[in-house]
Each structure stands twice: as C-alpha cells, then as structure tokens.
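K.L.:
The structure follows.
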C-alpha cells in the first residue's frame, strides 16, 4: 500500500506485515473480490478541462460475470461515467482543488448492492523556479517487518492489502531523472543500509531506465517511456547492510506505463474492395474495413470509431451505405442499386480513436470501392417483332434468319447470354436456333430437309431467355417473343425410281427382244413441266436395253442363270433417269431380275480323270455328276455305259450307288496298263431330263499288294498333256534360237576384229614395222612381195645373235625381241593386196604426203660409208652388181631383203 509522505506513520508496520504475508504466501491463490480493485484512482490533467474530455478509466471486478452494474458520479454536474468505466467531463472548467476529488459509485441493477471508489485529479506541474526549489511530495515504500513467532508458529496475516503499482505516463517530458518513489527500511535507524533494484529496465535490458539512490532509496526514471514498447515493468527492491548482508526480503515493485494518445489509427489496407448485387435490399452486408491503433485498446486512446465521410457518385441517394462505427461493417441503407446506372461506388472511410471524439481523437482515412455486381434483372428483347428468311428446299445446315436482341445486363455473362427456343410453328423439328457467342444473335438453321411441294412457308414463334432465371420480381416483356417467316424456294430435284430396287422374276433362257418390265422414275417437281429420259448405266452381261421415253426394259440376249454375272440367282442392272430442268438432275434405279432355273445344262462326270489297277481288285473308281442347274433340274442322276464301241461294256461295268454317286470297275480280269477314255452316259432329273455322254480318262497301271501304282513314270510319261508337250517344244525352240543368235554374234565380232587389225598404223604393226634410217630416196620399184610372209609373220624364226663386226649407227641394238600376242589368221591375200594398192594410190594423190617417189637432193655426208655416194644408188639396176650380204647382219627384220638380194642364186 502506498501513502503520501506526511501520512500517519503508524500504518507502515501494518503495510510491511501485509507485504511479508503476500511474499510468503505467493503460492496461494488469491480469492476474487467483487468491487473496485483500487482504493483510489488518480489522473494528472492540464489546468483547463474541456467538455467531453475523457479523464480516466475505472475498472470493476465482476467475479461471477453475471452482475450488471451502473456507474454514477458524486459530481454529476461535472463528471459522468460511461458503461465501460470511462470518466468524461460534462462541461468545461478550470481544474481546481474543489474538483480534485470525487467519488464514483457502482450499483448492481438487480440486487441494488453498491460499491464506491475515490478519484483524485492532480494538476500537471509547471516547471518554475519555485517548483524546482520546492521538494515534491514523494511516495514512500517501506519494507515490511520480520514477523515474530507466536506460540512457536510464524504468524501470517491475510493478504487484504497489496502494494499498489506505480502509474507513470508515457512520453513524459521530464525533467529527468524524474523521482518516482522512495524505498526505505525501518532498520535504517540502527544500520547503514544500501538500496538497489533489479529486473528489466534496471540491471536487465533495457538497462538504465530506472535507477535508485543506494543511500536514500530514491527510485527515479531516466528517460521517457513508450507504452507501445513496454507497457509494464516488474522490478524488485533490495536492502543490504554495508557488508552486503540482506537485511530485508526483496519486495516487488510494478510500474505501469500509462497510455497517451500518441498513435493514429492505421487501416490494414489503404484501398478496400467489395461487391454488392444490384437491387439489394437495405441492410445487405457489403464488406468490413478494419483499422488498428497501437495505443491501449482498453483505453480511450485505442478505442476506434468508423464513419463514412463521402460517397461518389451520390446517385440515386447520397447515403446508399452506412458503416457500423465499432465493427467497420458496411451495409446498404437505401434501395435502388442498379448496375446499369452506377457500376461502382467509392467511399471515404474515417477511423477515429478516443471513441470517435472529433476534438481529442486522432483519425485516419481509407478508400472503400464497392462494385455493383450484375443480376439478371433485364430480360433479352428482340429488336423486331418479325424476322424474315428463305431457304432452298432439301438444303440442311443453312442459316435462314439472324435474330437480334438487346440485353442491358453485363455482356458475356450468364445474365446476358441469350438462349433461343422455338415455341411454335415447327412440329416436325426442321429448324434449330443457335446462339452466336460474340454477338448474342440467334442463328435460325435448317436441320431437316424441306420439300417445297409439301411446305412452301413456315411461320415460327421464337422466344429469348437468359442462361439464368430472371431476378425475383422481374417478368418477361412481350419483346422477348418474336415470329420468323421462312419462305421455301423451289429447286430442281432428282428424279427417283419407285420402288428402288425393283425386283422381277423371270425364267432364264428368254429369247432376245422379250419385254421384261417397265421401270419408270417420278419427278418430285410437280410444278415444273419437265421430261424424263432413261439410259442404261450398268448392265454387266449386256442383256438388256431400256426405252429412253417410256422406260420399257427389253432383252437383247438370252438370260442365263448360270452366268458368272448372276449372284444367288439375281442379276442386277442399273438405270439412269434424267430430267431437262435447269440445272438438269438425274437419279438412279436398280432392277433386280430373279432368274428361275430351267433344265438347260447337261450333267458332266466328275472327276474327269482317275486311275485303277490292271486287275479288278482291289480298287474301283467312284464318280459323281456335275450339273450347273439346281433342283429339281439336277440330281438324282442316272449313270450308264454306251453300247458303242463294244469294248466299253466288255471291259467296264458301272454301278449306281445312290442318286449322286456311281462306281466304275473293270469287268475283265486283266487290262493292259495305259490310258483309256471311258464314255459315261449321265442323265439328270429335269423335266424333260437332259443327258450327256461324258468322257472319263482312266489310267490303268500296275499295282502292288496295297493297290498302289508301281509304274508311275511310264504312266506319267504316257499321260503327259498336250499343253505340257507344247510348252516343252517351245522351250526347246527358244533355246535353239538363242544358240544360233550367239553363234552369229561371235562370227560378226571376229570380222570386226579382223577389220580393225587391217586398219592398224603400220608403225604399230609388227608385221611391217621397218626401222627408219638416215638413207633417204625414192620408193622401191620392185613390188613383187612375198605376201605369205606378211600373212604369217609369226612363223619367221628369230635370227641368231649377230656376230661381232661393223655395225651401222642406226642399227637396232641386239637384245631380246619383245613377244607380241599371236594374232588371228590373216584374211585372204587378195584383201591385203587391195589394202596396199589403196594406200599407194592415196599417197600418190595426196599433195601433202612425203615425196617418196620424187627426186630429192641430199648433202654429201662424207666418206666411210660402205654404200658410197647416194647418187650411185639405183634400185632399178641389176642386183647382181652389188653385194647385199651385209643385210644378213641387220637382224631378222631385214632377213627377207637379205634372201632377196643376198648371195644366193636367185
């Protein structure tokens, strides 16, 4: 318990005892006590008090939570108390001693029980020289005394009193350090004590906020406090002697930081967005805006109130919305929200603390944007009462008409999108309406073909709706219904055959020129005078013809049921009907002729080839009949052997097994192996019956004990078919032709090779390749050549090695002669003679050829030549006057000359 200095000191021991009891009984649970928790509430105010100014707040402890109390002031003319305990000034007045104290009563409304508490108002001191000099009145806290034992037990007092907390306003301007309270022990009379405080704000972070004079025990604050940072400090005071021994138990000191209105409200968002459906009733919730205040929310400084400062636009009413001043809920208060007129509202919201007091409260603003959402309150309306369109007959998926509507709702929403339906005039469902998603128009489309000859015009009744129902209370106007007049345009249609296909039944075998039926087509265009002509489109067997005018179908060939063009007894022919309209149209029809069978096919033996043994046992031949007719013109069949030739019945016998099968056996004991043609008479069951002699080729062979043929090769050779023989002969002829062509080609190639040999350059041919020397002169007169040597140059034996002697400088060196490939035999000697004569003739007639036959003048080459002077050479002179034996030394190429001019008798 705190007291003012100068109060009766007799209360100090009691306070100390109570404090000691509270410290020792800290583990006990304090009992709740209904009433005011404080004995005195105090507030420090300025000199001038204004009307409506909040002064302080009192708290009432309602333990059971069920009491409803009502506050009253002992000075109702000056002060009033709100339901939450906030004390306001009723009028403006200067603070004086007569207003410094008054009482506040709390009365239970049900039990009428009453409680009271004192309120003390203090004037905020002004720093003058006198006030500085005067010692302020400082509260004093005394350590409780040590309790003595009574009857051997430590006495403990009830905890009816506790040390009240120290209330210190935030943002104090000082001067600092500012004294708060003095802590003292009763033992300071006998002992020299030292005081200290511990805890956050003293020796713990934030350190240095509170300090204590260790000798006097004066507790002071060193700087302004901020409640928004730390709202309460919990310190412990200690008292020790000069030796550091504890002389008092520590006491707790609680310092409450009194909130000051130093923070404005702050909205969580500067711009708030909300929506409300158009046409909403008053009282419809829209949105909630929220602001926070850093000041004490339990005090006036943190109690906010909201209000709407402005609304834009102000139509249809300037007060379309209101706001709950405590919760910030925005609701509608007026009707008439219409999105088609106003799509968005902008509200300026203000939040003010001090419970919205405009004089002392701090305020802030934010913007609330409310969008009016669309509802389906505008039905679609047609732009015209009647729409017109036309469509050619037999056309589908054609847009007939384009329906246009207007809808004031928000485009491309379910409340704007139109849905069209046909409510009348189309019982067969020939039309449908689709919605264009971009323009919202209705596209009337034909979904079923329309026949002009049946319906020439349609009058449709159409209605337009939205994808969602209309808002409550909205009705569809007459403009939501319209009519569509559709005109059908006549077009030239295809002629059609009826029935199609047309089926007729006729016997096969009808002769050419028989009229089968009339196959005509109908023209659906009854109102057009048109002619139809007929043509044949498909007739696989070319049996039919159709009259181009009347459509009569006549045969031009015999109808045959057994034809490959007949499937399942039905012959199909297709015909074309064309009109002369603009444009001309055509249609096809199919005629199906079901051909009835007649007995026009004789039966044949099956199989046509068989084999059996030379003796009747152990096998026989099973045969049946093949008849292209069907019942009853086919089986059962009758099998028999002809009377002629007589060998047939003498050698063979036939036995009927049933209506379809018979058995052929040898009648004699032995028949030589070979191939036999056995005629068999087969008769069907038609009316009249039809017979046929069919040949069965039977191969008779030697058989083993099992009845199997053993001379298969001979039978196979004897039984070779005509086609196989022809194929073999053709192959042989082709091979002979190929061999002959190859021989001719080889001979022609040899001739070409021989001709090329004759055209070879003389310098390249070994047979006449005479070496060139420095002896120059005319041609040789003697042209009596030995052609046999030219024809067979390879027969000439190589000459022996030339003996050592004088050699010409132009003589070929002696070395191994090159081996030339052996040429083919030379052609006829006459060919070579002709070739040489042609060469000579060409050389004589060529003016650019070397003058081999002309007189040439040569320089003298000096002596030493065995030939002497060139002028002495005369090829026409007698050879006997000269010695040509040296030619034998010139090698094999001059051997012939040596033989001709050498020392022989020739």
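Each Cβ is built from the backbone N, Cα and C atoms, and glycine gets one as well.
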K.L.:
Which of these, 108, 203, 293, 295, does Swiss-Prot say binds Ca(2+) 2 at the same site as 170, 228, 259, 260, 262?
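P.N.:
Only hit among 108, 203, 293, 295 in Swiss-Prot's Ca(2+) 2 site, alongside 170, 228, 259, 260, 262: 295.
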K.L.:
For the annotation transmembrane segment in Swiss-Prot, which listed range does it cover: 683-703, 704-724, 725-745, 746-766?
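P.N.:
From Swiss-Prot, the annotated transmembrane segment range turns out to be 725-745.
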K.L.:
If you check Swiss-Prot, which stretch out of 841-862, 863-884 is marked region 'Disordered'?
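P.N.:
It is 863-884 that Swiss-Prot describes as region 'Disordered'.
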K.L.:
Can you tell which of 170, 228, 262 has the most other C-beta atoms within 10 Å, given these are the binding-site residues?
P.N.:
170
K.L.:
Say we define neighbours as other CB atoms within 10 Å of the CB. Which of the recorded positions 190, 259, 260, 572 has the fewest?
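P.N.:
Each of the recorded positions 190, 259, 260, 572 was scored; lowest Cβ tally within 10 Å is 190.
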K.L.:
Applying the rule Cβ within 8 Å of the centroid of the Cβ atoms of 170, 228, 259, 260, 262, 295, what extra residues of the same chain belong around the Ca(2+) 2 site?
P.N.:
171, 226, 227, 257, 261, 263, 294, 296, 301
K.L.:
Taking the Cα atoms as reference points, how far is residue 651 (N-linked glycosylation site) from residue 295 (Ca(2+) 2 binding site) in Å?
P.N.:
141
K.L.:
Check residue 572 (N-linked glycosylation site) against DSSP and tell me helix, strand or coil, would you?
P.N.:
strand
K.L.:
Which one is closest to residue 259 (Ca(2+) 2 binding site) in space, judged by CA to CA distance, out of the glycosylation sites 190, 273, 325?
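P.N.:
Sorting the glycosylation sites by distance from residue 259 (Ca(2+) 2 binding site), the top entry is 325.
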K.L.:
Would you mind splitting the domain 'Cadherin 2' (268-382) into helix, strand and coil residue counts from DSSP?
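P.N.:
Its residues fall into 6 helix, 50 strand, 59 coil.
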K.L.:
Please report the number of other Cβ atoms within 10 Å of the Cβ of residue 402 (N-linked glycosylation site).
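P.N.:
For residue 402 (N-linked glycosylation site), the 10 Å Cβ neighbour count is 13.
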